[in-house]
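Enquirer: Taken from TrEMBL, the feature repeat 'PPR' applies to 25-55, 56-90, 159-193, 194-228.
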């Protein structure tokens, strides 16, 4: 009954049923902790965890996973260390290590991650594909892309998660062509990309400056029944904008079936700064002001566009407006004033 409520997202009903139980077994505790994890309620998950008298490996796994999935990597590692301490002395399994590797990736902690790799060998845990993919992610995020690809190449079965991890890894390590080649290999293997995969490959096309290929890839999302998010539109606006195709970028925004967020308009504004385009720059900036009025970077970009085309009074007026609002100038921005 508890698991049914949790699966339906009715966490409060699950808790009511849990509280009414005269005796609770391990499964009920773990199900509730996992339910709070899925709903992002870390505090209630932790509160339950510390109410348990004797905690076993599965309970530690549930709480460590909760921390890791909800972007609390330090707490995940602290609890892992507590689990290994002499007072507790519980040996981890594959699930524990996958969650801790994810926490290391979030922190960019390659040192602890490599210690985990040797620790696995020490306690006799085999490096299966799931653990190898988690380790790939860590190596890629820490700049060891060759080591990540070595692990990828050694996988018994390359699934969507493995391909996506490697595509994103190539992208963030400045190897867009490698990412594109791997994406094509994935498609040839009849593995259907998801939203995260498309984020990685569109970013790769953007970094490589391959506008037409990127646009075709973007359109293929909808052909495959995948609805692009605002983040995907932001990447496309950036790709078109950097290539100087500002009108196309603007039309893409206006044709969005969802409301564009500030990053979408910000991508257009950056492109307008690059190409000294006041017309679309003013439109983009106004939308950015409306969505994030306290972000000074947008005012700075528009002021610099004005300065680039010699509209010094407009640049000075923007600076004055920011000062009147009491917003601090962001570090690195270059306000230009007339003397």
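The backbone N, Cα and C atoms fix where each Cβ goes, and this holds for glycine too.
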Enquirer: Please report, as numbers and ranges, the same-chain residues at least 6 past the borders of the repeat 'PPR' (56-90) whose CB is under 8 Å from any CB of it.
Expert: 26, 29-30, 33-34, 36-37, 40, 42, 45-46, 49, 96, 99-100, 102-104, 106-107, 109, 112
Enquirer: Excluding the flanking five residues on each side, which residues at least 6 beyond the ends of the repeat 'PPR' (159-193) place their CB within less than 8 Å of a CB in that stretch?
Expert: 129, 133, 136-137, 139-141, 143, 145, 148-149, 152, 199-201, 203-208, 210, 213, 224, 226
Enquirer: Can you give me the average pLDDT across the repeat 'PPR' (194-228), rounded to a whole number?
Expert: 94
Enquirer: Just give the helix, strand and coil counts over the repeat 'PPR' (25-55), going by DSSP.
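Expert: Breakdown, helix to coil: 21 helix, 0 strand, 10 coil.
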